[in-house]
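Asker: Here it is, the structure in full.
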Amino acid sequence: MKNRRRFNRLFSFYYFVREKISKSIRLELMVAFGMCLLAATIVSSFYDGYYKEKNVMEEIDYSSGIQSIADASEYMKQKFKDKSLNVTNNQDIDKIMKSAEAINANNDTVKLYLTDIDGKILYKSSNAKENELNIHEIIKRASEYRKNYNNSTVIDTDNGITKKRVVLNKVQEYVEIDGANFSDKDTYLIVTGMPLAKTSYVRPSGSPISIIQGLIAFIALFYFLTMKKMRYIEKISDGLMQIAKNNLDYNIEIQGQDELAKLADNINSMAKELKRSIEGERNAEKTKGELITNVSHDLRTPLTSIKGYLLLVREGKYKNEKELCEFINIAYNKSEKLEVLINNLFEYTKLNNKGISLNLELVSLNDLLEQLIEELYVICEENNVVIKKQSWSKKISAKVDGDKIARVFENLLMNAIRYVPKPGEVRVSLWSEEKYIMVSVENRCLNVNDEQLKKIFDRFYRTDESRSEATGGSGLGLAISKSIIELHGGEIWAEVKDENIIFYVKLIISE
């Protein structure tokens with residue numbers, strides 16, 4: 001159970017670290033660099049070891065043999081420092097000589113001598129045959145040997161351990177001479193002998209090729225580990241080139257969760273925004289053209305009428321004063337309609353260009369709608385239309401611009417009165433839904449299809465194909481209403497149900 005928990009913790013930690021690394025390209029590069037460095041070290045060490053094993057050299061090493069002879073000499077020097085000894089102490093000196101001789105018992109070429117300053121041998125080891133030595137020759141041989149010894153000494157460092165080897169091309173007799181002062185006589189201590197050889201296997205120092213091998217391993221593994229990221233960067237670069245060529249529908253594939261993936265996602269979002277912006281500009285240009293066409297049409301008709309009637313008046317083509325007044329009244333009415341159209345157009349332009357600021361205040365929608373219904377009573381009487389309040393909720397208030405919201409509801413009610421078959425009925429409903437306030441205006445409306453419903457909020461659009469002014473509308477009322485509602489953060493739309501058209505207004509309930 002404990003092992004299982006331990007494994008679960010390890011796996012949790014592993015997934016945590018992997019997730020963190022996958023979200024950061026910096027960590028990914030650090031991990032890749034660490035792996036490459038480790039691999040380079042392993043490859044370099046492996047090749048270095050292989051190279052050393054493959055190129056092991058066999059050498060004859062005399063260092064241990066020389067050291068053994070030197071130990072005997074050192075032993076005697078230390079013993080002969082005793083000031084109480086003199087050359088007549090035969091037993092003591094013999095004992096010291098035998099002990100020193102025992103150090104090199106396996107090398108019968110080692111000879112020990114104790115001579116006076118003239119070279120006469122006072123004591124010698126058991127294997128020494130000479131009775132007298134040439135001191136000058138001995139000193140010369142010792143000097144030459146020391147020189148050769150120093151030149152043949154090699155210092156090795158293997159795995160941090162320093163070793164000294166003596167490699168001689170030709171074996172030489174070891175010769176060492178040193179003074180030994182006794183209380184009664186000056187003497188020389190001489191040690192000679194052929195040092196024993198020992199076979200030594202020497203590994204060469206590290207090869208520079210191992211460093212090159214490690215570097216190659218580092219570069220190869222780093223290239224392999226970063227290849228996927230580099231290809232992804234190339235994909236992003238290609239995607240940018242496609243977008244630069246105005247292919248705004250191009251979508252860069254999102255791979256991973258790191259900064260490159262975020263960059264690709266941001267580029268995709270940028271392309272979508274650019275496409276939306278360009279389409280908006282195109283639509284604006286198209287709208288501008290349509291607006292000019294519609295305005296020209298809607299202005300030309302009343303202007304032509306005004307010009308025609310004024311021409312009749314100027315040329316005196318009227319029968320009597322009554323007909324003159326009639327011509328003037330018609331021209332005046334046409335000019336009023338022209339003024340309404342221009343005012344509506346100006347207001348619509350300001351609304352679409354965000355040139356109007358809202359004067360928000362808490363307004364009772366119940367009171368506002370009731371007031372509008374009262375004000376439209378005379379118009380309803382003239383058009384044989386009845387407005388009925390349906391599904392009327394308790395008092396509902398909203399933080400809105402009272403004048404502009406009143407304009408919206410007035411447009412909807414006038415639109416319903418204008419187009420409902422006479423005699424007719426207009427139903428107004430007011431209720432609340434969770435965080436929203438709903439208002440609907442419903443009237444009977446024949447022959448309204450889906451295509452007309454889609455365009456009903458477009459400026460200068462009328463459901464009658466002739467664009468006749470018989471209904472008195474400018475074609476901007478619903479477009480203005482839509483702009484006002486959207487400025488309030490609400491929605492407005494129309495639906496057709498059982499030959500009835502219903503306009504819905506959705507506003508946010510004020511907190």
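Here, residue 1 is simply the first one shown, and the rest follow in order.
A Cβ is built for glycine as well, from the same backbone N, Cα and C atoms used for every other residue.
A TrEMBL annotation is a machine prediction, not a hand-curated record.
What TrEMBL records for 230-279 is domain 'HAMP'. What TrEMBL lists as domain 'Histidine kinase' is 294-511. Per TrEMBL, transmembrane segment is recorded for 27-47, 205-225.
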Asker: What residues in the same chain, six or more past the boundaries of the transmembrane segment (27-47), come closer than 8 Å to it by Cβ-Cβ distance?
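Answerer: For the transmembrane segment (27-47), the sequence-distant neighbours (Cβ-Cβ under 8 Å, at least 6 residues beyond its ends) are 20-21, 207, 209-211, 213-218, 221-222, 225-226, 229, 258.
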Asker: Run through the domain 'HAMP' (230-279) and tell me, per DSSP, how many residues are helix, strand and coil.
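Answerer: Within the domain 'HAMP' (230-279) the tally stands at 36 helix, 0 strand, 14 coil.
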Asker: Restricting to the domain 'HAMP' (230-279), report the mean pLDDT as a whole number.
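Answerer: Summing pLDDT over the domain 'HAMP' (230-279) and dividing by its length gives 87.
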